[in-house]
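J.: Take a look at what TrEMBL says about it:
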- 21-43: transmembrane segment (TRANSMEM)
- 88-107: transmembrane segment (TRANSMEM)
- 113-142: transmembrane segment (TRANSMEM)
- 163-183: transmembrane segment (TRANSMEM)
- 189-209: transmembrane segment (TRANSMEM)
- 277-295: transmembrane segment (TRANSMEM)
- 307-326: transmembrane segment (TRANSMEM)
- 338-363: transmembrane segment (TRANSMEM)
- 375-398: transmembrane segment (TRANSMEM)
- 410-429: transmembrane segment (TRANSMEM)
Amino acid sequence: MVSSPSPSPDGGKDSNLMRRILVLGFWVQGFRCLPWMAINFFVKDGLNVDPSTLQLLQNSANLPMVGKPLYGVVSDAVYIFGQHRIPYIAIGAFLQAVSWLAIAILSPSGISIFTLSLCLLVSNLGASIAEVANDAIVAGIGKQPTMSPKTSQSSSSGELQSFVWIASSAGGVLGNLLGGIAINRYAPQAMFLIFSLTVALQLFVTITVHESSLNLPKSSSGVGIRKQLSELSVALQKPEIAYSIAWLAASNAIIPALTGTMFFYQTQYLNINSSVLGISKVFGQAAMLLWSIIYNCYLKSVPSKKLIAAIQGVMAVFMLSDLLFVKGVYRNLGVPDSLYVIVFSGLLEVLFFFKILPFNILIAQLCPSGCEGSLMALVASANALSFIVSGYLGVALSSFVGVTGSDFSGFPQALLIQAACTLLPIYWSSCIPDDKQAKTNTKNE
């Protein structure tokens, strides 16, 4: 069980310090787009791979994200020097700093796909460990009773989720903006080095903070990994939790991702400048930032089920728009390719993540006390696995329709299939519980 610490005179200072740690953690999480933008060009131009190989590398590098439930169980159950959140954030930052530094200092001519893949796997292992710890802090704080009788628990949880979402989006905006500017002026290794130093700074800031100063809820003593797994198993036996996670994973996995193919189409076929792609990603991150603000101010009262299903439908519309884009319809109407890439491609890239904000708030309300880290990690893992499956399906679809680095004649057909697959999850959105059921669940704990 989780016991809430009693209020102290330093409660305000504790809250401010906790928020600074979360801001830094989620901001760095968003800033990770800086080296990943450089990786795309580094692999395409430096290693001369085809679209399928690029997409396989992108998705395979995310395999450590699938292990998040294990990291969550360990962080919930295993304390390091009396702490079970801060040390894991530090470990994650260390792994990321070392891996990106290795990529930055290795000779471009001497690095192989295998070496690059290994470094990216280590980097994502570190990122996933840090993300699990950060998500557990957010979930744990969201479960604490509020001091003000006017503030509901679900409102407090939603505000904190929106707060860290804003921090992540701000990091993404800056990372993509710097990446779009720097990719034409500096070697990709310079961007890898910048991020490595940024994560090293996070490491040094984190290790100077002791978890006791954050006033976090603490698990009862003697809770081991077996006990934590048992509590997670009990949580998953609740239909509203199991079905919700299954829907989220299926709604992503069923869609064949064509990101690598679209990247090659835009840069190789249309010769879109890399700075335009950077601005497109900035536009997308700015949209995520705006989405978090709009949701927090106006959409928290909208039922999560309806909101998530609506986002799924909008995604399908944008994919059909991509079909018109590839067929040249917008070009014939006088819309420049670069303008479409900035606005529509930027929005579509982040629309996949729009539904995660209301979904995470819903899961945080359903989550039983004591396994916040484990359950939120399982959600992140299911999400990561679904995107990996989606990426592999995209590679298979591209091969099926005959898309290569120089032949995109089958691309419109692939986009049409992608849009049709996106609509399917709407028909089983009944798996997502109503908000009233989630709030009732929280009150009964």
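Including glycine, each Cβ sits where the backbone N, Cα and C put it.
Bear in mind that TrEMBL entries carry predicted annotations, made automatically and left uncurated.
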J.: Hey, which bits of the same chain come close to the transmembrane segment (88-107), Cβ under 8 Å, at least six residues off its ends?
T.: 21, 25, 28, 35, 71, 75, 80, 115-116, 119-120, 122-123, 125-134, 189-190, 192-193, 195-197, 199-200, 202-203, 206-207
J.: At an 8 Å Cβ cut-off, counting only pairs 6 or more apart in sequence, do the transmembrane segment (189-209) and the transmembrane segment (338-363) clear the bar of 3 or more pairs?
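T.: These two stretches do not touch.
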J.: Other than its close neighbours in sequence, what residues sit by the transmembrane segment (338-363), given a CB gap under 8 Å and a spacing of at least six beyond its ends?
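T.: Here the qualifying positions are 154, 157-158, 161-162, 165, 241, 244-245, 248, 251-252, 259, 262, 266, 272-273, 276-277, 279-285, 287-288, 291-292, 295, 299, 304, 307-308, 311-312, 314-315, 318-319, 321-322, 325, 330, 375-376, 379, 383, 387, 432-433, 435, 438.
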J.: Take the transmembrane segment (375-398) and find every residue of the same chain, 6 or more past its ends, with a Cβ under 8 Å from one of its Cβ atoms.
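T.: Answer is 51-52, 55-56, 58-60, 62-63, 65-73, 128, 131-132, 135-136, 138-139, 232, 235-236, 241, 245-246, 248-261, 352, 356, 359-360, 363-364, 367-368, 410, 414, 417-418.
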J.: At least three Cβ pairs under 8 Å linking the transmembrane segment (21-43) and the transmembrane segment (307-326), pairs spaced 6 or more in sequence?
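T.: They do not touch: fewer than three Cβ pairs between the two stretches lie under 8 Å.
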